[in-house]
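Novice: So that we are looking at the same thing, I have put the structure below in structure tokens.
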Amino acid sequence: MQLRVLSWYRIAVVAKRWYFSQRSPSPLIGTLRIPSVLHSRAAKRADACSGIVSMTSEAAKEIEVPTSLDKSLFDEEISVLALQVPKQRCHEYMKSLSKYLLNKPRLQNVKDAASSPDSKLLLLSTDYTLDDLPEPVLALKEKEDLTLVPTTVHVDYSYWPAPHVLKRLLPEGMEVPSAFETIGHIAHLNLREDALPWKHIIGQVLLEKNVKLRTIVNKLGSIDNEYRVFDMEVIAGEEDTVTEVQQQGHRFQLDFRKVYWNSRLEREHTRLVTTFAPGQVILDVMAGIGPFAVPAAARDCTVYANDLNPDSHTFLCKNIQRNRVTERAFAFNMDGAAFIREAAAGRLAPAALPPLGAAKRPVPSTAVQESEPTQRLPFHHVIMNLPASAVEFCSAFRSAFPEELWEAGSLPKVHVYAFAKGVDCEPELTARLEAALGGPLDCPAAFHKVRDVAPNKHMFCISFTPPTVLALGAAEGHARDEAASAKRLKAS
């Protein structure tokens, strides 16, 4: 692995760490190899190392980086004071002194007294010394003629939480990964460049300290493709990126390597879906694996859900079936703009709509209606969750609604997601939206700030009704053309 050249400031920091690390045991196996050219000015932290990684630099030819750790070096003895009490009265004393005891996570407040099988040791807080014991402890000691003894509590690697372990392992000044997204059994990290040489150690610690995790992945690049997925590598655990998550009481299966998923959007999924009334018809243009579509269908809405990514469409179909909403949710695999136009014209492929159950099937007027159910119009809401470009997709609403099928007051409410930078984002987003629509809105849009994506970058949900004069058009203007039909894949 090629490493970037260390800055002189960084060299000074790690050299200082190396000097002090020689005076105490290191939690990582191995010793440090110091490049001769940097003998007096640079070194890596001696915490680490059984493996060598090449470093392309005029300053050094090779440098040690950690590849494994010696857990026994996290063994410690914590010194505490304890009251030696009769075994039969241990519970009584514990209750009266509860707030003065050790009270450390995963540690007991009591231990056996080695000198007396009929006694127990009540461990006091590490905050206390012989000179500053609290009055209630001293009073009980004198009244009951108890003995105060020094003792130790043994802790090992299993006791220390991941942030503590990583802080000891990583070089001084390096950010310790403490918060990360979890997707089922997968932890998703986005490590900085300077942490990459330690990625496998970081992955190992997080895997061992989180029993529900089986796979740790690190993001390799940004989302820069039409399917909203990014490159990743497994840095610890199983090479298994197919997992299951739960939201709003529903189960979703997905392959994190192949489809888009963001666990941080659960609150937004819930917020928007709860605005839908039972019986309404919903158009989900960029549906992904169904975080809006499935809960909306469970709310007794009819949902036409679409995604361009074939893998997302596959898992969307599975999740519709897994959550038993097949009679109300219908999946499509089309370009988003084409999907909007076909739906607005009432021309979604009939084969994508499964026949109604026998109990709910209306009496047909023709044989064709019985075998090919028609799309329901009008639809009441449109969801467009593609923040990087969904606003520009709104151009598909121009003259998309045939006047023969839609009335001026029946146009749907559109919920489009978008990124914006700065403090006052609404004017910029409104201008982008009106440019895509081809004219001004009839009424001001409603803005809901979903979350902060990064410093000075925000995600919004913009809710609006397409302008009547721009959205309505003549039926002949919507004739199905062969090119659009060729791109459309039947949903199932």
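Any Cβ shown, glycine's included, is placed from N, Cα and C.
Note that the coordinates shown come from a computational prediction; the quantities given were computed from them, not determined experimentally.
Just lifted these from TrEMBL, have a look:
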- 180-468: domain 'SAM-dependent methyltransferase TRM5/TYW2-type' (DOMAIN)
- HIS269, ASP307, LEU308, ASP335, GLY336, ASN385: S-adenosyl-L-methionine binding site (BINDING)
Novice: Residues with Cβ closer than 8 Å to the Cβ of ASN385 (S-adenosyl-L-methionine binding site), same chain and 6+ apart in sequence?
Specialist: ASP284, MET286, ALA287, GLY288, PHE292, TYR417
Novice: Please compute the mean pLDDT of the model over the domain 'SAM-dependent methyltransferase TRM5/TYW2-type' (180-468).
Specialist: 89
Novice: For ASP335 (S-adenosyl-L-methionine binding site), which of the three DSSP-derived states applies: helix, strand, or coil?
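Specialist: The residue in question, ASP335 (S-adenosyl-L-methionine binding site), is coil (DSSP, three-state).
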Novice: Taking HIS269, ASP307, LEU308, ASP335, GLY336, ASN385 as the record's S-adenosyl-L-methionine-binding set, what's the max Cα pairwise distance in Å, rounded to a whole number?
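Specialist: Per the listed residues, the maximum Cα distance equals 22 Å.
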Novice: With an 8 Å cut-off on Cβ-Cβ distance and a minimum sequence separation of at least 6, pull the same-chain contacts of ASP307 (S-adenosyl-L-methionine binding site), or say none.
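Specialist: Residues satisfying the criterion: MET286, ALA287, GLY288, ILE289, HIS313, LEU316, PHE332, ASN333.
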Novice: Measure from the Cβ of ASP335 (S-adenosyl-L-methionine binding site) and count the other Cβ atoms within 10 Å, all protein chains considered.
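Specialist: Around ASP335 (S-adenosyl-L-methionine binding site), other Cβ atoms within 10 Å: 19.
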Novice: Once near-sequence residues are set aside, which residues in the chain of GLY336 (S-adenosyl-L-methionine binding site), 6 or more away, have Cβ atoms under 8 Å from its Cβ?
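Specialist: Sequence-distant Cβ neighbours: VAL285, MET286, ASN306, LEU308, MET384, LEU386, PHE393, ALA396.
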Novice: Once the chains shown are all counted, how many other Cβ atoms turn up within 10 Å of the Cβ of LEU308 (S-adenosyl-L-methionine binding site)?
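Specialist: There are 22 of them.
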